[in-house]
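Annotated features, as they stand in TrEMBL:
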type     : residues       : note
TRANSMEM : 6-27           : transmembrane segment
DOMAIN   : 74-292         : domain 'Protein kinase'
ACT_SITE : Asp198         : active site, proton acceptor
BINDING  : Asn203, Asp216 : Mg(2+) binding site
Amino acid sequence: MKTSSLFFFLGGVVVLIILLIIVLMYWKIWKPAGIKSFISESKRHAASTDFFSGDLRTIFYFDFRTLKRATKNFHPDNLLGKGGFGPVYKGKLKDGRMVAVKRLSHDKSQQGESEFLAEVRLITSIQHKNLVRLLGCCSDGSQRLLVYEFMKNGSLDHIIYGKKVYLNWETRFQIILGVARGLQYLHEDSHLRIVHRDIKASNILLDDKFHPRIGDFGLARFFPEDEAYLSTTFAGTLGYTAPEYAIRGELSEKADIYSFGVLVLEIVSCRKNTDLTLPSEMQYLPEYVSNF
């Protein structure tokens, strides 16, 4: 009797092991698409949660279809502007929130998901009232998108170069002071030492009360505290660029300060820093002002 019981027990164990092997093989090779999708999404969510864990702000991972629907399939009527790394569209989420969606250009979108998330983490690690806030991102296949808070009054260039809105001197001073505070945070107060490299009117966004926020950190550089400057390839916008950076590639906070000075002249004069329609002595604003 004991021998018979042992035989049945061992037989049951063998059958159970065989069944487990079959189930595992089926799971690995013929896993149902729905389960695959669920696991893939869970892993990605877990990775994102771990990636943005800590004291940094929480970032939301948007689905591409959600952003496509919010921007009405990236309709031209919703185009807010075009930066160096791609167009920015106005979008409206299902909960009614307005957002600005930057769809990265093809070259920029070729970076892998890990590199893209690393860049997003750097952006989310800096927080200040005069910096545009990143709400979330999307990495779906070859699509790379960044979702920012929506700034009701758009970019500063549309206002100071246009004729529809007049800025009184108090508002102009408020904008100048806000940009200066944002730069001070990037250069001195942030836990990272950051040079924006592209301070210009089109990268200054205004909220409903004309408070300024610095945006577009696509060219920003982070470097150690003990280095006076970095030798690097030029990137930025001509007309706003410090001579030592444009000519010798010596990048430091001074590059942003020079760009800020040009921006201040534009805000005060309500004209572009370079205007070839003017007489030759007035075409380049910093040079023209230096004669006074």
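Backbone N, Cα and C atoms are what each Cβ position is placed from, and that goes for glycine too.
TrEMBL does not curate its annotations; it predicts them automatically.
Annotated features, which come from TrEMBL, shown on the structure.
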{"residue": "Asp198", "record": "active site, proton acceptor", "Cβ within 10 Å": "24"}
{"residue": "Asn203", "record": "Mg(2+) binding site", "Cβ within 10 Å": "27"}
{"residue": "Asp216", "record": "Mg(2+) binding site", "Cβ within 10 Å": "25"}
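Asp216 (Mg(2+) binding site) sits 8 Å from Asp198 (active site, proton acceptor), taking the CA atoms of both as reference points.
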